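Engineer: Have a look at the structure that comes next, please.
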Amino acid sequence: MAEGTEPIGATYFVTPDKLYFYLYFLLCGGIFGGAWRFYDREHRWFNWSVWGSIFIIFSTYFGVLVSLAVNNWRRPFFDLLQAALEHKPGVTAGDFYTLLIKFSEIGAVAVFVFVVTRFLISHYVFRWRTAMNEFYMSQWARLRHIEGASQRVQEDTMRFADISEGLGVNLIDAVMTLVAFLPLLLSLSKHVPELPILGAVPYSLFWLALVWSMFGTVLLAVVGVKLPGIAFRNQRVEAAYRKELVYGEDDESRATPPTVAELFDNVRRNYFRMYFHYLYFNMVRSIYNQADSVFVYFFLVPTFVAGTITMGILQQILTAFGQVSSSFQYLVNSWTTIIELLSIHKRLRAFESILYEQPLPEIDQQFIKAGGQEELAL
């Protein structure tokens, strides 16, 4: 291994600089958790909310290290592959097996960390849901008369905790990936001094990733601006339909054919409206994703023609660009999930407005002004 280069394999995770960072993180996390414990000694969910969050942040960081370790492995492996395909002397089967063993070491570490992390995150999410459930049930006497109250306590708390955790972890991962891969992408930009149409651009790969990702984020935000409200209304009409059917199980005067037909007509109308808006949203998103798959190759054409990079460097460029671009595209990749979370948040806000005697969200006020007629509350 040349001086100044990172080790290949599992030893990548135990270099002195990384061990120092582990200790630094442990120290900072311990100080933060200890201070929080001193400030709030009686909090029931302290261990999960504080120590659990610290662990999730560290495991997310370690997942980024795994990606860096794999990217570090790609260059020697694909350079060796290129040398073998060009029949250069000195390439042996043992060289390939050695690098494959190194990759297996990285994979073993990644699998262990992934399994442990997912197990603890599952418990973390359920504790979050439990805390929300206990809070709402303690106020059940005031909340039970709200339309869809049972669904909001049972289903919305579950989905809110699960989706929020997923989006939060992905956001932390995106930020840490940027911190880790951005210096690598900047250093790899020296291999791509010229771009089609634009000519010579300093740090070209960075600017390509930034501009392309920002374009996609703004594009999908504009195209999908109506989707959260539609998803919220969809939950509302489904709740009204389900509630009437539940009443009809015990009361013959409820869930009569005309009533059920009217409620289901609201469900049908809202779904058809949602299908229409998702039609153009999915079209725009699919076009962007298809263009994204060849975007970097288009701008690498002059570099390919000049023959100034090896297969190993190309693999590093593709991986680093993909990681940085994906981090910048956090909103693009998460937009449909964010839409679902926003619709749940709207429902829970309306729920809590009763407790705190606050005005209902605008979307609920429109529904009330329309006399509960869903087709008029648009």
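One-based numbering along the chain as shown.
Here the Cβ of each residue, glycine as well, is placed from N, Cα and C on the backbone.
Remember, predicted model here, so these are calculated numbers, not experimental data.
So TrEMBL lists these for the protein:
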TRANSMEM  20-39  transmembrane segment
TRANSMEM  51-70  transmembrane segment
TRANSMEM  106-126  transmembrane segment
TRANSMEM  167-186  transmembrane segment
TRANSMEM  206-227  transmembrane segment
TRANSMEM  294-314  transmembrane segment
Engineer: Short question: most Cβ pairs under 8 Å with the transmembrane segment (206-227), which of 20-39, 51-70, 294-314?
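Structural biologist: If we count Cβ pairs closer than 8 Å to the transmembrane segment (206-227), 294-314 scores highest.
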Engineer: Find the member of 20-39, 167-186, 294-314 that has more C-beta pairs under 8 Å to the transmembrane segment (51-70) than any other listed stretch.
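Structural biologist: The stretch with the most contacts is 167-186.
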